[in-house]
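Q: Have a look at the structure that comes next, please.
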Amino acid sequence: MRQLFVAGNWKMHGDKASIKTLVTGLNAKADSVGDVLVAVCPPAIYLDYTKNCLMAGEIALGGQNMAIEPVQGAYTGETSASMLKDVGCQYVILGHSERRAIYGETDQDIAAKVKTALDSGLTPILCVGETLEERESGQLESVISQQLDAVISEVGIDQFADVVIAYEPVWAIGTGKTASAQQAQDVHAFIRGQLAKLNPSVAEKVIIQYGGSVKPNNASELFSQPDIDGGLIGGASLNADDFIAICQAAGEQ
């Protein structure tokens, strides 16, 4: 039985005052979510501050991105995997659709980052997903297969035992639109099936989160699906009550 995992992606939001308020709210109810893994991923500049605000042992810390380079060096503006580890991160989000679309990250870039993260002892949260145009033109499966295959080619299928996958339909991110529970389940089952062709044992163990406008009012239905193992939460993770409610919905499964 896979443990459900809910991670909050704060994106480029927050300051010390708002983070203190948010984390105080999370700490107050962190023990109410049941047997659920919970993490928050603040902006890099606030990682250390957030860690110091979090109640030890209840909520894990993650980065939103990291450098492709495996060692520190002359890479202005970048954050290395070792730096994320040094401030207490366990996870790092890689391949988010915003990184792909806005910053031009390729499948090969993301695959290299996944390898660097794994080699550094971080658990990558690998984001995959299709645009509305790709879905409507029947390319959903080929797009997601290509995204997965790039990483499998780089690290091998066995390494996926240490990877979290987040399916994020690009058309449902920040739009208020959500894939139906059945639509999401169908894609999650497809992802697991693709991995199972190479290693059924690893496929069964891999946590596959759903990311795409998850809210307290739709979390239970999404998380009740057999191949949906939690969520990568954007906007709702900036509200302590909403994020805790989503985590509680995971804990009730």
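Each residue, glycine too, has its Cβ placed from N, Cα and C.
Annotation source Swiss-Prot lists active site, electrophile at His96, citing sequence analysis. The feature active site, proton acceptor is assigned by Swiss-Prot to Glu168, with sequence analysis given as support. Annotation comment: Swiss-Prot describes Asn9, Trp10, Lys11, Gly174, Ser213, Gly234, Gly235 as substrate binding site, evidence class sequence analysis.
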Q: Starting from the substrate site formed by Asn9, Trp10, Lys11, Gly174, Ser213, Gly234, Gly235, give every other residue of that chain whose CB sits within 8 Å of the mean position of their CB atoms, in sequence order.
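A: These residues sit around the substrate site: Ile173, Ile233, Ala236, Ser237, Leu238.
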Q: Over the residue list Asn9, Trp10, Lys11, Gly174, Ser213, Gly234, Gly235, recorded for substrate, what is the maximum interresidue Cα distance in Å?
A: 14
Q: Identify, among the binding-site residues Gly174, Gly234, Gly235, the residue whose Cβ has the fewest other Cβ atoms within 10 Å in this structure.
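A: Looking at the binding-site residues Gly174, Gly234, Gly235, the Cβ with the fewest others within 10 Å is that of Gly174.
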Q: Which residues, sitting 6 or more apart from Asn9 (substrate binding site) on the same chain, put a CB under 8 Å from its CB?
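A: In sequence order, the residues whose Cβ lies under 8 Å from that of Asn9 (substrate binding site) (at least 6 apart) are Cys41, Gln64, Ile93, His96, Gly211, Leu232, Ile233, Gly234, Ser237.
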Q: Indicate whether Asn9 (substrate binding site) is helix, strand or coil by DSSP.
A: strand
Q: Could you round the CA separation between Trp10 (substrate binding site) and Glu168 (active site, proton acceptor) to a whole angstrom and send it over?
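A: Glu168 (active site, proton acceptor) has its Cα 15 Å from the Cα of Trp10 (substrate binding site).
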Q: Using DSSP, would you call Gly235 (substrate binding site) helix, strand or coil?
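A: In the DSSP reduction, Gly235 (substrate binding site) maps to helix.
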Q: Can you grab the distance from Ser213 (substrate binding site) over to the residue listed as 'active site, proton acceptor'? Cα atoms, rounded to a whole Å.
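A: On Cα coordinates alone, these residues lie 9 Å apart.
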Q: Minimum Cβ neighbour count within 10 Å among the recorded positions Lys11, His96: which residue?
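A: If we count Cβ atoms within 10 Å for the recorded positions Lys11, His96, the smallest count is at Lys11.
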Q: Give the sequence-ordered list of residues that share a chain with the residue listed as 'active site, proton acceptor', lie 6 or more positions from it, and have CB atoms under 8 Å from its CB.
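A: Once residues fewer than 6 apart are set aside, the residue listed as 'active site, proton acceptor' is near His96, Ser97, Cys127, Val128, Gly129, Tyr210, Gly211, Gly212, Leu232.
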